[in-house]
Each structure stands twice: as structure tokens, then as C-alpha cells.
Amino acid sequence: MRTPRMTVVGAGSWGTTIASLAARNVPVLLWAREPGLAERITATHENPDYLAGHPLHPELKATASLAAAADQADVVVMAVPTHAFRQVLAELAPHVRPWVPVVSAAKGFEEGTNKRMSEVIAEELPGHPAGVLSGPNLAVEVLTGLAAAAVIAMPDLSVAQRLQGLMRTRLFRVYTATDVIGVEVGGAVKNVVAIAAGMADGLGTGDNTRAMVICRGVAEMTRLGVAMGGNPATCAGLTGLGDAIATSISPLSRNRSLGMQIARGKTVEEATHGSHMVTEGVRASRASHELAEKLGVDAPIIREINAVVNEGRTPQEAFRGLLHVKPATESEAG
Ligand SMILES: NC(=O)C1=CN([C@@H]2O[C@H](COP(=O)(O)OP(=O)(O)OC[C@H]3O[C@@H](n4cnc5c(N)ncnc54)[C@H](OP(=O)(O)O)[C@@H]3O)[C@@H](O)[C@H]2O)C=CC1
Ligand SMILES: O=C(CO)COP(=O)(O)O
């Protein structure tokens, strides 16, 4: 049997990192939107736009042709942000061979529909196994070889096990799971939690506050995940609590950084202006809030963060709003 080939779609920080890592195991083709960037990656083994100064695997090749990227793929990993996910997938779809698994590496819901990315995959590529790769995986840390772990969740465990072998390296441990919903909800909501934690840091609160924000944020994530059909244990693992911790404490996190800047008086537009990088938590707060409302899930942190980033509430007002949470037992509290 020939070695399976992987295609990674999206040459931002995370797509480039996954592609470089997997290139140790199998032939990988990385799709970049800009032909110039694709040529640079293939020729110089570096992505100057997103990961300057970090050498990539010498065997990694890139292309700007979606047809070429999809044509030979035995697995497709989608690493474009949620706002571009469906459109890129629709363009890719005619070129993907039947039954090839498609894995989302994005963290968020689709704007407008609030669908999970694996649902978008199922709609655009019906019949293909659709799943998700997620975890506490700040791209630069993973690329530079600092030990990390992720979860690949597919509805069929045997497919997840096959993909696990393509992605894992000595320092990047990949676990398998079948709870696609729980993993996807965790990846989206942790971005909202990270904005909240950054906001708390920016307001000058302490480590106790940060721990409270993370734990209560994960409680909201868990309630929402369960209401959507996920397993509560998933939210306590790498892709829920684990990622909420990494993103809420790391200076590398764009979501945490956004929260800090808002707390220091910037608007979302001012805080993100000039950055070509994606901050998924802005869209994820609106979607998570709408999903929580629709499903009758108590989610005060998500509600307040959405009010700040999408509706003009100030961080101080949001903080005061959270002080009015009703007394309750820890397991039922908002
Ligand atoms: N960075 C990280 O540490 C991690 C990120 N993630 C998730 O991965 C996803 C991608 O994030 P990340 O790689 O960090 O993002 P970056 O901001 O680093 O890069 C964004 C990528 O998406 C491409 N892109 C943006 N808009 C479009 C569009 N309309 N059509 C086609 N391509 C587009 C960009 O192409 P171009 O350069 O041409 O604009 C670029 O390749 C997000 O959902 C994120 O939450 C998950 C784990 C870790
Ligand atoms: O998802 C991530 C780490 O797991 C990246 O987080 P940011 O998008 O906040 O940088």
C-alpha cells in the first residue's frame, strides 16, 4: 500500500505548523491563497508572512492551486478560519476524491448559521468522514518543538486512529476521540474564555480571578456542549479546559491579547486593525451566546463578552454584570 498523502488547506500560522509537522510522517501539500507565498514556502522552507524565522520541514511543498492541492489527497485538513471555511471548502469540493476524510483545524462556529465546521464539511462534501483536530496548540510553540498534545475526533474511531498516525510526532502527541461535537464546542468557546481572561488581566485583577474566569467559563462551555450533544468529559480534557488554560494565560494568544487591549480602552476594531491574523473569539462570542440563548443554557460570561466585543458594552460594565450572578451550588451556578 502506498504512503497516504495529506493536504493542508490554509497557510496561516496553524495550517503551516500542522503541515510541517505531518511532513515528518507523510508527503504533505500545503495550500496558500497567495501564489507568491506558496512559492516561498516550497523554495525557502519558511513562511515569512506568518512564522518568519521558523524553519519548516524541508520536504513540505506548497501550492496556490486548490485543484492540485485536493487532487491527490488521502486526507484533507482545513486550516482556514471559520469566516472563509465554507467558501474555500466549496471551491475545493469538486477536486476531492470520494470518501477522503476532511478534518477541521478551525476553532469557531460559522457566522450566521452557528454551525460547527464538521457540519459545514458534511454539507459541502456529503459522504466524506468529517471531524476535527483541536487542543492547546499555540502554533509557534508546536512548530519550535515544545511538547504538546491534541485530539483528533472522528465519528468513526478507526478513521481517527488512521489519521492519528499521520499527525503525531515524538513531541506532538495526538489522542483519538469520537466526540466531534464536544471537541468543536470546546475549541470555539475557549476563545471566548480567553478574551474574558485577557480582559480581567487588562483590568488588573489577580490570579484568583483568572482561575475563576477559566473554571466558570469551562462550566459554561460544558453546559453548552452537553446541550448540543457533546460529552461533558470532553470539556474537562485537552480540547476544553486544556485549551482554555493555554489560551487564557499565554502572551501568544490573540484572543487573550484582544481582551487585554479592550480592557485598556481600545475598541475591537482598534485592537485588531493592522493585524493580518485571525481572532476567532469575536465571532465565537456572538455564536456561542446565540446558541446558549436558543438552547436555554445559562452562560453569563459568554453573554457579557459578546456584549462587550459585539455590542459596545464596556469591560467595567461586563465585570459588574458578572457580580450579579445568583447564589447557587457550584454545579448549577451560572
Ligand atoms: N494559530 C494557532 O495557534 C492556532 C489556530 N487555530 C485555528 O486555526 C484557524 C486558522 O488560524 P491561523 O492559522 O492561526 O490563522 P492566521 O491568522 O495565522 O492565518 C489565516 C489564514 O487563513 C487564510 N485566509 C483568511 N481569509 C481567507 C479567505 N477569505 N479565503 C481563503 N483564505 C483565507 C489566510 O490567507 P492569507 O494569508 O492569504 O490572507 C491565512 O492563510 C483558526 O480557526 C484558529 O482558531 C487552531 C489551533 C492553533
Ligand atoms: O487556539 C489556539 C491555541 O490552542 C490559538 O489561540 P489564539 O487564536 O487566541 O491565538
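Note: Cβ is positioned from N, Cα and C throughout, glycine not excepted.
In the record from TrEMBL, residues S13, W14, R33, Y50, K107, A139, V278, E280 bind NADPH; the candidate from R162, R168, R170, R254 listed for the same site is R254. Of the listed candidates (K61, K190), TrEMBL assigns K190 to the same sn-glycerol 3-phosphate site as K107, G135, D243, S253, R254, N255. Comparing local CB density within 10 A for the binding-site residues R33, K107, K190, R254, the maximum falls on K190.
Listed binding-site residues: S13, K190, D243, S253, R254, N255. Those with a CB atom under 6 Å from ligand 2: D243, S253, R254, N255. Between the binding-site residues S253, N255, the minimum number of other C-beta atoms within 10 Å of a residue's C-beta occurs at S253. Ranking the binding-site residues D243, E280 by other CB atoms within 10 A of the CB puts E280 at the bottom.
DSSP classifies R33 (NADPH binding site) as coil under the three-state reduction. In sequence order, Y50, L51, A139, V140, M277 make up the list of same-chain residues 6 or more apart from S13 (NADPH binding site) whose Cβ falls under 8 Å from its Cβ.
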